[in-house]
Amino acid sequence: MLLLGCIKEVSEYELVISLPSGLSGFVPVTHISDAYSKMLSKQVAQGELLEELPSLLDLYSPGMLVRCIVTSVEKRADGRRSIKLSIDPKKVNKGLNASALASGMLLSGFVSSVEDHGYLIDIGVSGTHAFLPHQKAQNYIKAVKRGPDLKIGQNLNCVIVEVKNEGRVARLSIDRSEVAASLATEQQNWTLSNLLPGLVVKARVQTVAPFGIKLSFLSSFTGIVDFMHMDPEKSMKYSPDQVVKACILSINPTSKVVRLTLRQAFLHPGGSPNQLSSDRMGAVVEESTVKAFYKQFGAIFELDDGTLAFARLKHLSKNKKSLQPTAFKAGCKHKCRIIDYSLMDEMCIVSLKYQIIEARFLQYQDVHTGDLVKGKVFSLKPIGMQVKVTDGIRGLVPFMHLADVILKQPEKKYSIGDEVKCRVLECNPEGRKLILTLKKGLIQSKLPVLSNYEDAKPGLITHGFVVCAREFGCIVKFYNDVKGLVPKNELSSEPVACPDKVFHEGQVVKVMVLKCEPQQERLLLSFRLSSKPALEDKKEFTLKKKEEVKYQIGEMVDVKILKKKDSGIEVSVLEDEGNVIAFIPTAHLSDFVTTCKLLWHCLEEGDVLPRVMCLSDKGERMILSRKSAVISAVQEEQVVRSFSEIQPGMLLTGYVRKVMPFGVFVEFPFGVTGLAPKVSMSDKFVTDTKDHFEVGQTVIAKVMSIDEEKQRVLLNLKVSECSSGDSAAESFALLNQYFKEMKEIRNLLTRKEEPSVARGLGELVPGKELQLVMQDVKEDGSALFHGSSVTGLTVTATRYHMGDKKIGPGEKTKALVLHVDALTSKVYVSLREELLKQK
């Protein structure tokens with residue numbers, strides 16, 4: 001379908017086009033013209049900007065009329081249709097051929113090349129060489145003022161001045177007076193297959209009806225002018241056989257329907273339709289008068305300034321059932337709000353809906369940085385989440401801003417249609433760009449919003465988020481891309497050796513401004529918000545802090561190790577300058593029981609542990625946990641906070657609290673506990689419950705049933721029953737976490753053990769191939785080995801893993817590492833050929 005459109009907005013990558021009947025479409029940057037697309041491809045291939053390639057902002061401006069062809073109509077997730085267009089002359093003028101070209105024709109063309117005496121113009125007609133001489137372009141260039149020359153990719157209204165060699169050569173003019181006076185005539189032999197929108201014709205009125213007029217033109221054509229496109233000054237004065245000037249708006253080749261307009265702004269090609277004053281957009285009109293009501297379409301209103309406006313049927317009332325046609329008789333008055341402006345219909349679009357009239361936000365200009373907004377989840381993408389604030393306003397929550405921490409699986413927390421409360425990080429109305437955050441620390445903040453460098457006065461305390469943590473300190477970002485540096489000496493009252501281990505990307509932090517240079521956009525910040533108390537008051541200060549500080553379950557803190565005890569590790573919370581003491585039980589150092597013991601062995605007093613979660617604040621001291629599976633469950637809201645929230649079939653992450661002969665008690669975050677009976681503990685037959693589970697072990701449990709009277713929960717721990725669906729992905733995630741923690745342990749070992757032993761343990765990983773020498777063979781068939789890479793370690797291969805190798809003491813052999821027990825400094829290897837071959 002071919003349409004005449006008017007450019008509404010211009011961005012770097014697309015044109016937004018106003019279409020007839022209040023519709024809108026868009027032209028991607030790749031659908032301008034062949035010459036422009038080739039230059040784009042060249043720029044992409046070279047990886048740098050080409051000086052000769054102008055941007056869409058240089059070529060186009062709002063108000064320009066363009067001929068378009070519909071390339072696709074797609075249904076979006078919210079049910080609305082997205083119209084994709086092209087203004088490429090090869091598609092728009094595809095119905096024309098060289099032999100059909102005639103003098104006086106008005107065509108759309110694009111500059112494809114700049115020559116010495118003029119310009120080559122792409123009019124989309126195969127086999128035709130179209131040329132625009134310099135003298136026929138000067139009048140236009142002076143009026144448009146876009147530089148001394150036309151640019152490649154520039155859209156032009158061209159009048160054919162002369163056709164030679166049966167259409168193979170065409171000389172053009174873009175002189176404004178010649179274009180404005182152009183008229184399509186019968187002598188130009190237009191047909192339905194090559195008729196174009198934008199052509200001005202002389203037409204004769206055939207019939208006049210309440211919804212519009214039927215016209216005949218170019219002797220053999222008929223077309224329709226709907227009620228929105230009659231000349232407002234003459235809308236009731238048309239009569240049969242009257243001759244009028246009209247402009248073709250659209251041609252539908254399938255239905256063969258041609259629509260035209262009688263509005264004055266379109267009757268002189270090269271002109272522009274009237275635009276709405278920017279201060280009227282969003283305005284509420286207390287009394288608008290009904291001029292006409294069309295039960296299938298909507299109503300025409302006269303606003304307080306005398307201009308006409310149109311309200312679609314769906315905007316006349318809350319819903320179809322509540323619509324009362326009698327309320328829209330001519331002369332009735334209604335309160336409405338201007339929600340849009342259709343350039344192609346030269347008419348305001350209004351709504352009578354109460355929720356729209358009272359809406360806080362209607363367009364991007366209404367939204368300000370730091371505003372709290374509510375919206376619905378529109379889509380989830382790799383870069384983040386799209387949120388629909390209103391019908392015309394959409395925002396993006398970047399991946400980093402979906403929660404206070406980075407979410408591994410956002411789709412588990414958010415679903416399409418969910419209502420969310422966000423804070424605006426950045427708003428650019430011109431680019432229709434809205435960036436939002438869902439970080440609770442920023443949403444709930446009562447501190448001032450820092451959105452420009454001028455407001456960053458020394459002493460100002462505000463919230464921001466970490467975007468980078470390196471050896472030099474942290475870079476913290478605020479609103480509108482304002483950012484500053486927290487140098488290493490201002491990270492804490494105590495020295496921080498490795499900032500990247502204490503602070504993480506996306507972490508919400510409270511900072512104080514030390515110094516600001518607005519012109520240079522430099523900002524110096526500090527995490528040290530108050531001075532340290534005097535030594536004599538330290539004890540009193542500590543007690544006071546203990547009473548005041550309340551940490552919620554699930555809150556993340558960074559801690560420093562104070563003391564190692566048999567049952568766990570005593571730590572101090574860094575955020576409170578070491579004045580809050582907490583405890584991490586050994587079993588809560590990791591999800592893996594063996595790793596817990598290893599970590600306890602490797603950690604030392606003074607070590608800093610980042611991102612530890614508050615598990616319980618009952619009793620004398622706060623209990624913390626480093627179990628990644630439990631932390632993820634809390635952060636992704638896969639938890640129950642009370643007994644009343646539990647439902648049969650739920651999958652919950654918890655940890656073994658007690659192992660009894662009859663079953664296993666499992667505790668979950670927020671203190672809810674349940675029992676997995678012996679029969680529901682394992683897919684295997686259970687003889688002794690202690691053979692299957694250990695206290696502190698992380699588990700995923702499925703809720704079987706609940707007894708509300710006795711407040712009891714029965715659980716199932718069978719692996720076959722406790723998978724969320726993708727068991728392979730879950731297994732790989734667990735393995736990945738295990739290897740990540742083993743890497744951390746190897747790094748810790750290198751500083752704790754003897755250098756040679758530490759190096760050996762740190763470098764040995766399962767699957768590594770070693771050159772060993774047999775040391776001895778035991779009675780059970782296993783063997784001991786030694787070698788330069790395993791100095792100080794006990795290396796063993798069981799009888800099975802000796803394979804078919806017949807070697808004696810002192811002989812060399814290849815072996816593959818199976819397992820490393822860092823606690824006992826033992827390494828288990830295999831000599832089996834089938835394993836070594838895989839290497």
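For all residues, glycine too, the Cβ spot is worked out from N, Cα and C.
Automatic, uncurated: that is what TrEMBL annotation is.
Now, the feature entries from TrEMBL:
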DOMAIN    1-88  domain 'S1 motif'
DOMAIN    104-175  domain 'S1 motif'
DOMAIN    198-263  domain 'S1 motif'
DOMAIN    282-353  domain 'S1 motif'
DOMAIN    370-439  domain 'S1 motif'
DOMAIN    459-528  domain 'S1 motif'
DOMAIN    554-627  domain 'S1 motif'
DOMAIN    649-718  domain 'S1 motif'
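Regional average pLDDT for the domain 'S1 motif' (1-88) in the model is 85. Taking every recorded stretch in 1-88, 370-439, 459-528, 554-627 and counting its Cβ pairs under 8 Å to the domain 'S1 motif' (649-718), the highest total belongs to 554-627.
Spatially, the domain 'S1 motif' (459-528) is adjacent to the domain 'S1 motif' (554-627); three or more Cβ-Cβ distances between them are under 8 Å for residues at least 6 apart in sequence. Recorded stretches compared: 1-88, 198-263, 282-353, 554-627; the one with the most Cβ pairs under 8 Å to the domain 'S1 motif' (104-175) is 1-88. Among the stretches 1-88, 198-263, 554-627, the one making the largest number of Cβ pairs under 8 Å with the domain 'S1 motif' (282-353) is 1-88. Here the domain 'S1 motif' (198-263) lies next to the domain 'S1 motif' (1-88) in space: the count of CB pairs under 8 Å, restricted to residues six or more apart, reaches at least 3.
Residue counts for the domain 'S1 motif' (1-88) under DSSP, helix first, then strand, then coil, are 23 helix, 36 strand, 29 coil.
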